[in-house]
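Enquirer: So that we are looking at the same thing, I have put the structure below in structure tokens.
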Amino acid sequence: LAKRDVLTPFRVDLEVYEGHGDASRLLGKCTHERWFLGEGVKRISVREGRLKATLFLPPGPGPFPGLIDLYGSGGGLVEYRASLLASRGFVTLAVAYMAFEDLPAMPESLELGYFEEAVNFLRKQQQVKDTGIGVLGLSKGADLALSMATFLPGIKAAVSISGSSFNSFVPLQGDGFTIPAHPYNLGRVKTSDESGLVDFSDVLDDHRDPATWDCRIPLERSLAKFLFLSGLDDRNWKSDLYCQDAVQRIRQHGRDAEFCSYPGAGHLLEPPYLPLCQASIHRVLGAFVLWGGQWREHAKAQEDAWHRIQAFFWQHL
């Protein structure tokens, strides 16, 4: 596809999406820093211990609810959603955990202790309320958010966006335990002969097979509140089924969880008014990955999800 021959309502240059998550190039083309940071929001680079993150502080003394923001397996330090949440009154810590600085692109495992460092850092900020921390994640970041809410103290609410109810792709090491990666077979990858786009939706083994259950996150043990969001046109993986599985397990243990699935929405449910990214280069995999989503439906889903996320955290934090 020629970069400027793509027909979209926004005349979006596909170059913007190369390495999804790098908002600086998007910002340079279509907006300015005030929109990115929000009026009065303060941005602080964080390098404390092993932690690599960026802290966004709302204007004013607070105290404010505290959030940790995690993106997916594309890696990097993704800041724009965290900055927008700070402009809405949340102290938000955007955390990198792979493919950033000296963090490997595909680590042999991830340590729960690293994310505990992020929680402890956020909790000690004087602008953060002492009512508990919230965590939200997209894709791989979503199952990490669920694991944090299950195993780490101080997490009161978690949002899973296009996530799963099991540990995906990389083993997670906790204190005295390891949750293995859910089995997958790259031989099931589908590549379009016409466009070259890669569809990973059938790569993972069936999550209903008991042979995979040692990879499940035991989120039903958690006392945190959960919100699950997914798109029915997710072409990356079967996030709607995975979210349904999580909600069912929570309800079987006598608790409830909020769940909303959106017809026509794809994998990358972003803050509202950002253009739909139907496909992009995955920074770690190096492939042009199909994410899915229909223009009008996805836009409506992003606006609704953004309101739900904020209302959920305000209610529980």
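Backbone N, Cα and C define each Cβ position, glycine as well.
Quantities reported herein were computed from a predicted structural model and do not represent experimental measurements.
The following feature annotations were taken from TrEMBL:
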type	residues	note
ACT_SITE	Ser139	active site, charge relay system
ACT_SITE	Asp234	active site, charge relay system
ACT_SITE	His267	active site, charge relay system
DOMAIN	111-317	domain 'BAAT/Acyl-CoA thioester hydrolase C-terminal'
Enquirer: Taking just the CA atoms, what is the gap between Ser139 (active site, charge relay system) and His267 (active site, charge relay system) in Å?
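Expert: His267 (active site, charge relay system) has its Cα 8 Å from the Cα of Ser139 (active site, charge relay system).
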Enquirer: Quick one: mean pLDDT on the domain 'BAAT/Acyl-CoA thioester hydrolase C-terminal' (111-317)?
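Expert: Reported value for the domain 'BAAT/Acyl-CoA thioester hydrolase C-terminal' (111-317) is a mean pLDDT of 93.
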Enquirer: Taking the Cβ of Asp234 (active site, charge relay system) as the centre, how many other Cβ atoms fall within a 10 Å radius?
Expert: 26
Enquirer: So for His267 (active site, charge relay system), how many other CB atoms are inside 10 Å of its CB?
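Expert: Looking across every protein chain shown, the total is 27.
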